[in-house]
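Below is one structure, written out as structure tokens; comments come after it.
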Amino acid sequence: MAAYKLVLIRHGESTWNLENRFSCWYDADLSPAGHEEAKRGGQALRDAGYEFDICLTSVQKRVIRTLWTVLDAIDQMWLPVVRTWRLNERHYGGLTALNKAETAAKHGEAQVKIWRRSYDVPPPPMEPDHPFYSNISKDRRYADLTEDQLPSYESPKDTIARALPFWNEEIVPQIKEGKRVLIAAHGNSLQGIAKHVEGLSEEAIMELNLPTGIPIVYELDKNLKPIKPMQFLGDEETVCKAMEAVAAQGKAKK
């Protein structure tokens, strides 16, 4: 029998997801379709009778708005919310704002897959002459970060390394206190949590395509280890299509 339950949800489609661009730390909002995804995710949680005690999320609006939409759907908008940059999306450095398919056509799908799917290979850094450099690095929400904390690029390994301290120091104690926790975040930061919880290999985590807007449920034992694989609150066809869409983002258009 599970000692705890943990629910994760990846933000709905953003405007830059719609345009197939590397979103990174740019603060893209939800697209209309992404808002509908979040509403459906919230309705799935409502239909399943989920209640929560605390929510944790990033400082990026696409996931904050996803969380708002979910909380509205389950009529729990009063819940406390902890926001942290440590749950932000991976920083894609110099690839930020580039169209993924066009980048694949230019550099080859193999190179884009290395940038997107290699565990410890970072993309090119975001240089000061990048059009979104100031937009991100000078944003006041990051004013308290040290130079070492504010990245100019990240590999998935780097993203996981900055998310895990928050998991260990903030999330784990809440779960062990018996609080029902909802984490709304991004693909790469949620991959980091999944890798840690399930003990997945570097290769396995990079092939994990988490769908947007579909709640993910873990049933955990007293040591916070899963007693069964992650479960998706959605019909199988919808989940598979959503995962396939994520996997196809780095491919050149035919």
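Backbone N, Cα and C atoms are what each Cβ position is placed from, and that goes for glycine too.
The feature substrate binding site is assigned by Swiss-Prot to 10-17, 23-24, ARG62, 89-92, LYS100, 116-117, 187-188. Positions annotated as active site, tele-phosphohistidine intermediate by Swiss-Prot, on the basis of similarity to another entry: HIS11. Per Swiss-Prot, the feature phosphoserine maps to SER14, SER23, SER31, SER118; the stated evidence is similarity to another entry. Annotation comment: Swiss-Prot describes TYR26 as phosphotyrosine. According to Swiss-Prot, the active site, proton donor/acceptor annotation covers GLU89. Marked as site 'Transition state stabilizer' by Swiss-Prot: HIS186. The annotation N6-succinyllysine is assigned in Swiss-Prot to LYS251 on the grounds of similarity to another entry.
Sequence features, as recorded in Swiss-Prot, placed on the structure.
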residue: ARG10; record: substrate binding site; Cβ contacts under 8 Å, 6 or more apart: VAL63, ALA184, ALA185, HIS186, GLY187, LEU190, LEU210, PRO211, THR212, GLY213, ILE214, ILE216
residue: SER14; record: phosphoserine; Cβ contacts under 8 Å, 6 or more apart: SER23, ALA28, ASP29, LEU30, SER31, GLY34, ARG62
residue: CYS24; record: substrate binding site; Cβ contacts under 8 Å, 6 or more apart: GLU89, ARG90, HIS91, TYR92, GLY93, LEU95, THR96, ALA97, ILE136
residue: TYR26; record: phosphotyrosine; Cβ contacts under 8 Å, 6 or more apart: TRP16, THR96, ALA97, PHE132, ASN135, ILE136
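Across the structure, GLU13 (substrate binding site) and SER118 (phosphoserine) place their CA atoms 23 angstrom apart. Taking the recorded positions SER23, GLU89, ARG90, SER118 in turn, the residue surrounded by the fewest other Cβ atoms inside 10 Å of its Cβ turns out to be SER118. The secondary structure of TRP16 (substrate binding site), as reduced to three states from DSSP, is helical. Listed in sequence order, LEU30, GLY34, ALA38, GLN60, ARG62, VAL63, ARG65, THR66, ALA184, ALA185, HIS186, THR212, GLY213 are the same-chain residues six or more apart from HIS11 (active site, tele-phosphohistidine intermediate) with CB atoms under 8 A from its CB. In the structure shown, across all protein chains, HIS186 is the one of the recorded positions GLU13, TRP16, SER31, HIS186, GLY187 with the greatest number of other Cβ atoms within 10 Å. Under the DSSP three-state reduction, LYS100 (substrate binding site) is assigned to helix.
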